[in-house]
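Annotation comment: Swiss-Prot describes C105-C137 as disulfide bond. If you look up Swiss-Prot, you'll see Y109, K111, Y128, D135, E318 marked as alpha-D-glucoside binding site. Annotation source Swiss-Prot lists repeat '1-2' at 210-221. Per Swiss-Prot, repeat '1-4' is recorded for 246-256. Positions annotated as repeat '2-1' by Swiss-Prot: 260-270. Annotated region '3 X 11 AA approximate repeats' per Swiss-Prot: 260-298, in sequence order. Sequence annotations record features per position, and here Swiss-Prot assigns compositional bias 'Acidic residues' to 386-400. The motif 'Prevents secretion from ER' feature in Swiss-Prot is assigned to 421-424.
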Amino acid sequence: MRLLLCLIFLVFVFNFALSTVHFKDTFDNDWESRWVVSDWHKEDGKSGKLVHTAGKWFGDENQKGIQTSEDARFYAVSAKFPSFSNKGKDLVLQYTVKNEQKVDCGGSYIKLLPSKLDQSAFDGESEYSIMFGPDVCGASKRVHVILNYKGKNHLIKKEINKVETDQLTHQYTLVISPDNTYKVLVDNKEIQAGNLADDWELLPSKQIKDPKQSKPVDWVDVKEIDDPEDVKPAGHDDIPASIVDPEAVKPEDWNEEDDGEWEAPTIANPEYKGEWKAKKIPNPEYKGEWVHPLIDNPEYAEDNELYLFNDLGAIGFELWQVKSGSIFNNMIVTDSVEEAKDFSEKTFVANQEAEKKMFDDLEAAKAEERKKADEKLAAEKAAEKEAEEADEEEEEVAEEDLVKTDDKKEEVKKSTKKVDHDEL
């Protein structure tokens, strides 16, 4: 048993040692020497600026990525690496993205491109080999997997809706294998897998309808016909759809001079049977649904190398973001799933817990600040109300004192008049 485990370990180490990493980037301080920002939309001022940052919350402040920093802008940046073919090997594309802005409309996908890419002119029309990653806009949330086959871009037929929309870092992984299968993983968990031929319309149909065949003119495909022996009953069409309500009575206060001649209301006729239609019977001439004969499609050619990309030489982001704030990092292009997993453990996994804790602490602090602000506002409003009530009370007291003073003056006046009168 121990020998078997040792052999398995040696095979793993051997395969790991033979793996090739075509591209890897964690965006150190020298990242701009490897990445080229496109001139796309610079003239019209719609090109967004990328900044080098770990963001507002992180697991490791030294693990920085590139962040979109301006809203409603286009972003296009790329890096090149030695051209390679994935013939006979797995192709693994992996990267992380953190949408600090709580994205509501914007792409966060990555592209693998051919080596001929003109980096300064890189834009939405540039040819690419693979486009992969999340895209969010309103209610639409999906992971794109678009493959270029023979010069045409093909979107995966299945909806991959497992898009993380919180404000933490998430990792997206695409694996394409020589047996023409694929896997999509989010945070190292498989969310989609299948066969390239089944899940993309890369190949034309094996069979097509024979263009030389058409349904015979005498083909009967009507299942039922009217019963020729069924006859419409006499007087059927004479029955009206509505009749005068026999229970209706002219109101006692009805005045024909003022109200006009009274007419009884009508009701649906219970005897009315609607438009007469003959009963249906099975059609004795019915031959069934005509099926168009199929022939082999002359355009179809089997391809056992749907997975193959002969010239991969660049990687890049070409995005439109309504709301900026996405941070991209930890990219790897390799032929080894194990290599990608190891890279993930050292970068993404190692910082997940610490990043979430920092985020939660910041959110808790914000909540506490909001609570204090609300309490302060409530206290200020209560103080204002109390002051208003005190002012109103003072005004009432002042009015009462004024009335009392006026009453006293009136009494003095009356008393003076009385004295004067008595003296007279």
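Using the three backbone atoms N, Cα and C, a Cβ is placed for every residue, glycine included.
In this structure, the C-alpha atom of Y109 (alpha-D-glucoside binding site) lies 13 angstrom from that of C137 (disulfide bond). Put plainly, the binding-site residues D135, E318 were compared by Cβ crowding within 10 Å, and the winner is E318. Taking K111, Y128, E318 as the binding-site residues under consideration, the smallest Cα distance to C137 (disulfide bond) is found for E318.
If you check the binding-site residues K111, Y128, D135, E318 against C105 (disulfide bond), the ones with a Cα inside 10 Å of its Cα are D135.
For C105 (disulfide bond), the count of additional Cβ atoms within 10 Å of its Cβ stands at 14 [all protein chains shown]. Apart from the site residues Y109, K111, Y128, D135, E318, the chain places the Cβ of G107, I110, M131, F132, G133, H144, I146, G316, F317, L319 no farther than 8 Å from the centroid of the site's Cβ atoms, the recorded alpha-D-glucoside location.
The repeat '2-1' (260-270): residue composition by secondary structure is 0 helix, 3 strand, 8 coil, according to DSSP. DSSP states for the repeat '1-4' (246-256), grouped as helix (H, G, I), strand (E, B) and coil, give 1 helix, 0 strand, 10 coil. Residues near Y128 (alpha-D-glucoside binding site) in space but far in sequence (CB under 8 A, at least 6 apart, same chain), listed by position: K111, L112, L113, P114, N148, N153.
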